[in-house]
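According to TrEMBL, the feature Mg(2+) 4 binding site maps to 34, 47, 78. Positions annotated as Mg(2+) 3 binding site by TrEMBL: 34, 78, 231. Per TrEMBL, the feature Mg(2+) 1 binding site maps to 48, 49, 128. TrEMBL lists 49, 78 with the feature Mg(2+) 2 binding site. Annotated substrate binding site per TrEMBL: 56, 280, 326, in sequence order. Look at TrEMBL and you will find 127, 128, 153, 233 tagged as ATP binding site. Residues annotated as Mg(2+) 5 binding site in TrEMBL: 234. Residues or ranges marked as domain 'PurM-like N-terminal' by TrEMBL: 32-144.
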């Protein structure tokens with residue numbers, strides 16, 4: 001018989017989750033008390049991200065492990081984009097009473113695995129459990145700058161090169177495949193096509209369901225002199241426009257460089273549109289003062305130009321490009 005959170009109650013569910021979590025090396029006191037206690041001594045960065053079943057994920061497509069991995073990975077990437085080293089996560093989790101306990105155990109295992117793989121030494125140090133009509137998770141991530149200057153969106157200057165590290169366009173390609181083959185005519189998700197999609201499109205499925213952002217490159221880019229940087233979650237074009245606005249410059253992409261660097265990954269063809277408007281890749285978009293500062297793992301995709309008009313612009317091959325991508329308040333998803 002399937003065990004549910006309603007049948008076990010909060011204390012037993014919590015014990016089952018904690019059994020799946022490791023120890024954060026920077027935690028003096030981890031989960032179990034009213035607060036975690038972390039070692040201090042330097043400047044910290046803090047970020048929070050929320051995922052809600054429906055607009056942000058579909059349980060018909062995600063295993064609990066994949067969902068936990070994605071929850072951790074997306075927040076680790078935000079910390080890295082500031083040039084910081086991730087040290088701790090907290091998880092606030094709300095779900096219906098009929099939710100299988102096994103799903104939450106798998107979710108905890110996925111978060112732990114992502115921390116081990118992407119940010120060794122980081123771990124979940126606390127959180128909260130509650131009930132909600134649908135599965136909802138909010139993760140807060142903490143990172144240490146360790147002497148680095150935080151890399152903001154506002155530091156790009158004319159003459160800088162624009163570079164990208166990580167997957168690009170693959171997650172959006174995967175999401176399009178899932179809606180095309182993993183949902184019915186009304187947009188309701190199902191799992192019937194998952195095995196086939198994983199077999200035929202493993203790179204795109206992994207990028208969408210369990211992304212692997214280049215977390216270690218964030219602090220390295222900061223020390224190498226990156227002038228601006230952010231995590232690309234909503235889309236390359238939307239997030240590039242944010243750097244342009246914050247810095248008061250134009251960002252100019254070269255489609256040839258984009259296609260040469262990211263047009264094919266592991267046999268998966270990625271369109272230019274997917275690169276520019278697909279979201280959830282969680283790569284790092286950065287600007288550097290010259291080519292000598294470009295790190296291994298970053299690919300040059302354009303340049304920063306002085307603003308030519310009153311408002312900063314995004315250009316592709318010299319023509320103004322209207323950014324598109326994920327906006328939670330404006331986008332319409334099938335089945336919602």
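Glycine residues also receive a Cβ, built from the backbone N, Cα and C atoms like all the rest.
Taking the features listed in TrEMBL, we show where each one sits on the structure.
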residue	record	Cβ within 10 Å
34	Mg(2+) 4 binding site	6
49	Mg(2+) 1 binding site	17
56	substrate binding site	21
78	Mg(2+) 4 binding site	26
128	Mg(2+) 1 binding site	12
153	ATP binding site	19
231	Mg(2+) 3 binding site	26
233	ATP binding site	22
234	Mg(2+) 5 binding site	22
280	substrate binding site	23
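Neighbouring residues of the recorded substrate site, listed in sequence order and excluding 56, 280, 326, comprise 55, 233, 234, 279 (Cβ within 8 Å of the Cβ centroid). Other C-beta atoms found within 10 angstroms of the C-beta of residue 326 (substrate binding site) number 19, with every protein chain shown included. According to its DSSP assignment, residue 128 (Mg(2+) 1 binding site) is in a strand.
For residue 127 (ATP binding site), the number of other Cβ atoms no farther than 10 Å from its own Cβ, over all displayed protein chains, is 21.
The binding-site residues listed here are 47, 48; among them, 47 has the most other Cβ atoms within 10 Å of its own Cβ. Averaged over the domain 'PurM-like N-terminal' (32-144), the predicted model has a pLDDT of 96. For residue 78 (Mg(2+) 4 binding site), the nearest of the binding-site residues 49, 127, 153, 231, 234 in terms of C-alpha separation is 231.
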